[in-house]
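Participant: First, the structure itself, so that you have it in front of you.
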Amino acid sequence: MQSWSRVYRSLAKKGHFNRISHGLQGVSSVPLRTYADQPIEADVTVIGSGPGGYVAAIKSAQLGFKTVCIEKNETLGGTCLNVGCIPSKALLNNSHYYHMAHGKDFASRGIEIPEVRLNLEKMMEQKHSAVKALTGGIAHLFKQNKVVHVNGFGKITGKNQVTATKADGSTQVIDTKNILVATGSEVTPFPGITIDEDTIVSSTGALSLKKVPEKLVVIGAGVIGVELGSVWQRLGADVTAVEFLGHVGGIGIDMEISKNFQRILQRQGFKFKLNTKVTGATKKSDGKIDVSVEAASGGKAEVITCDVLLVCIGRRPFTQNLGLEELGIELDPKGRIPVNNRFQTKIPNIYAIGDVVAGPMLAHKAEDEGIICVEGMAGGAVHIDYNCVPSVIYTHPEVAWVGKSEEQLKEEGIEFKIGKFPFAANSRAKTNADTDGMVKILGHKSTDRVLGAHILGPGAGEMVNEAALALEYGASCEDIARVCHAHPTLSEAFREANLAAAFGKPINF
């Protein structure tokens, strides 16, 4: 016999009670009660609301899928928006302004300020307000696009089911046709060093220090290490980065660019110990930290004492306790989820994108994957050329690149030609009194096709997108050289470098 609750639900769906209430005075309909433990029905369930997850969720909803996005944290946006890309750019920008005002830069421009003081608390407030506005923006976009947001830790509990466990222990089950894992990454711990986010910090703690440390040691001179090291160096800290490799800027950076970049940072006061490894760190009774280092190849040990130790040795995929192994989805040796070219795991309706799959751990790479992944679910084509994904270091000057480096082309045996143009010869850079760096273009020797672009200088992060567009559409160096660029602009340096690559010489150098 059909239960009363099922009869009630059936009548409610048909609007039976509404018709009764309209027909009888004094009788009103009783709204159908929903229970937290009743499953939510979805077409697509996204686990994680970082750049890959939230973009995928919105695109999914725009394509007509009933979409749920599960996020374990209180705010949307993932690491990038809350404790990564966004807050770090606020501090990089504001610390650069302080550095200009506090040093000789403003005075050289005829701007004389008697006393420049740092209000770190206010600087942190501005960072927080930017983060708050953007996280709120995602919540608004979810509402606007009808994405259902479920707060809790998402775990796959069946090939068509995800269970979100909330902070209070309660659960919400989502029955879903497709599952998309976009859980991002977490800080890679350093063996033997415990991060307390007070004096031994990860990138998260480095974004919220209560005061400027007298001496800061950074383990790692990759992208995150030089960015956060730059922030505190500009604000007055004595900063030393210890790097195992023999160059700064991390994997993928062109070596000529890296060497010039290092020289500029050193001129600003940033110190580096390259080809050096950290063997341990000890907290002393006075609160300071002794960091033990030695040559990467082995040798005499040395101790560097600091007030704050920043650990920046990379990130690892956040793939534990997601229920993958229980379904037979095994991780690769680096903890990543194996997927095919449509981002499907070995279970076709379970997908993965972003930092949990192979490729660079970049927010914009995750965004692209999120969009094309759900387009693929809808039957569309799935294509991404990872050679066209740009990388940026947001120091001052900025560093940006896309495509192959000179070292990679040599290793692959590809014949190439080089075009360079210094910002010192660019009129806009001259008027801005900001002339460090250059643009370096790598073109195919016989076809002239652009193979790589490497930029060190002001606005490099914006300029590199022109290069990414050129690579995506297979442009030649001459194609770019023949595009009229507005004058005076920094982007003219990009055109001039392509002129040099295509014709052997630029115009203005």
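All positions are counted from 1 along the displayed chain.
Keep in mind that glycine also has a Cβ here, set from the backbone N, Cα and C atoms.
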Participant: Look up LYS132, LYS155, LYS365, LYS440 in Swiss-Prot and give me whichever carries the note N6-acetyllysine.
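Facilitator: Record lookup in Swiss-Prot returns N6-acetyllysine for LYS132.
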Participant: Please state which member of GLY298, GLY299, GLY314 Swiss-Prot lists alongside GLY220, ALA221, GLY222, VAL223, ILE224, GLY225, VAL226, GLU227, GLU243, VAL278 for binding NAD(+).
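Facilitator: When Swiss-Prot describes the NAD(+) site, the candidate it includes is GLY314.
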Participant: Looking at Swiss-Prot, which of LYS259, LYS271, LYS334 is flagged as N6-acetyllysine?
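Facilitator: Going through LYS259, LYS271, LYS334 one by one, Swiss-Prot flags LYS334 as N6-acetyllysine.
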Participant: Between LYS14, LYS210, LYS346, which does Swiss-Prot record as N6-acetyllysine?
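Facilitator: Of LYS14, LYS210, LYS346, Swiss-Prot lists LYS346 as: N6-acetyllysine.
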Participant: Round to a whole number and give the Cα-to-Cα distance in Å for the pair ASP355 (FAD binding site) and LYS430 (N6-succinyllysine).
Facilitator: 40
Participant: Counting other CB atoms within 10 A of each CB, which of the binding-site residues GLU71, GLU74, ASP355 comes out lowest?
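Facilitator: With the binding-site residues GLU71, GLU74, ASP355, fewest surrounding Cβ atoms within 10 Å: GLU74.
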Participant: Could you measure between CYS85 (disulfide bond) and GLU71 (FAD binding site) for me? Cα positions, answer in whole angstrom.
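Facilitator: Their Cα atoms are separated by 18 Å.
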Participant: Would you pick out, from the recorded positions CYS80, CYS85, ALA363, the residue whose Cβ has the largest number of other Cβ atoms within 10 Å?
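Facilitator: Result for the most crowded candidate: CYS80.
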Participant: Given a separation of at least six residues and a C-beta threshold under 8 Å, show me what packs close to LYS505 (N6-succinyllysine) in the same chain.
Facilitator: LEU499
Participant: Any idea what DSSP makes of LYS334 (N6-acetyllysine), helix, strand or coil?
Facilitator: coil
Participant: Taking the Cβ of LYS66 (N6-acetyllysine) as the reference point, list residues of the same chain whose Cβ is under 8 angstroms away and which are at least six residues distant in sequence.
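Facilitator: Once residues fewer than 6 apart are set aside, LYS66 (N6-acetyllysine) is near GLU41, ALA42, ASP43, VAL44, VAL148.
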Participant: Can you tell me how far the Cα of GLU71 (FAD binding site) sits from the Cα of LYS277 (N6-succinyllysine), in Å?
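Facilitator: Cα of GLU71 (FAD binding site) to Cα of LYS277 (N6-succinyllysine) measures 37 Å after rounding.
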